[in-house]
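See below for the structure under consideration.
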């Protein structure tokens, strides 16, 4: 489930949602139809959906295979999302539907969930939207934990990178995170101009007038379309270089602590689920229940602001 419908449709086929847009495929293939034909040929219970109304009508008890392509390109930001039947489901709704379908498999399952709009918002330095998407990610993780058993489900949360997104100033408790930093005797700005608590190391938010930063006194810095100030002018903000946190809960979660190389995470998932290189390992031969979800992968960027998450990784679309 996710966006990217244009990559599944031929360039001669109109998008079902946007009459002026066509698919991008030049090979003439309609992958949505090919997928349905293959599922039908195998006698499977399947559904293809492209809007929320169709998605809501999917019964997890009678559906074993689900393909959902809800946007021509990227999924909409949560604050912009059309919540009617013509719109698209939230990431939490997709997680719930996916788990209810997958958990019917007695052999267990692997689920990857990506909060990609966090990354997209940061590249455009839309801090308010990035943080709102992070809250949505937290809600999706909470739903995943509600629907799974901690004794048999390993849940991991991490990210593949950070962003040059910082929180500065000596702010009072309760000060709006999207607002201006509190006036203080500690390190006041030398130019006398107020500044926001949140800023970017680089990005499009460089707007110096006559060599000075603009006065933000009467600017609504909490608006979803507000672009915080940045130090270096670039069209799109870049990734950061520091290590990212990783959190886990469930069987073998104790193996994910301290500083680890990225590939180590995949080995832990194999080990916990008794698959791959570890399917015949001695710990897999005991009578204790094995993880039914080798990893519910739920991921985001800048996890340092929301350390309560339990989830995992990051690609380009909202793939569930």
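Cβ atoms here come from the backbone N, Cα and C positions, even for glycine.
Per TrEMBL, the features are:
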BINDING   114  Mg(2+) binding site
BINDING   119, 123, 160, 161, 239  Zn(2+) binding site
REGION    1-20  region 'Disordered'
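All features noted in TrEMBL, drawn onto the structure.
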residue: 114; record: Mg(2+) binding site; Cβ neighbours (10 Å): 26
residue: 119; record: Zn(2+) binding site; Cβ neighbours (10 Å): 23
residue: 123; record: Zn(2+) binding site; Cβ neighbours (10 Å): 18
residue: 160; record: Zn(2+) binding site; Cβ neighbours (10 Å): 14
residue: 161; record: Zn(2+) binding site; Cβ neighbours (10 Å): 15
residue: 239; record: Zn(2+) binding site; Cβ neighbours (10 Å): 13
Can you tell me how the residues of the region 'Disordered' (1-20) break down into helix, strand and coil by DSSP?
3 helix, 3 strand, 14 coil
Measuring Cα to Cα, how far is residue 160 (Zn(2+) binding site) from the residue listed as 'Mg(2+) binding site' in Å?
11
Residue 114 (Mg(2+) binding site) and residue 239 (Zn(2+) binding site), distance between Cα atoms, whole Å:
17
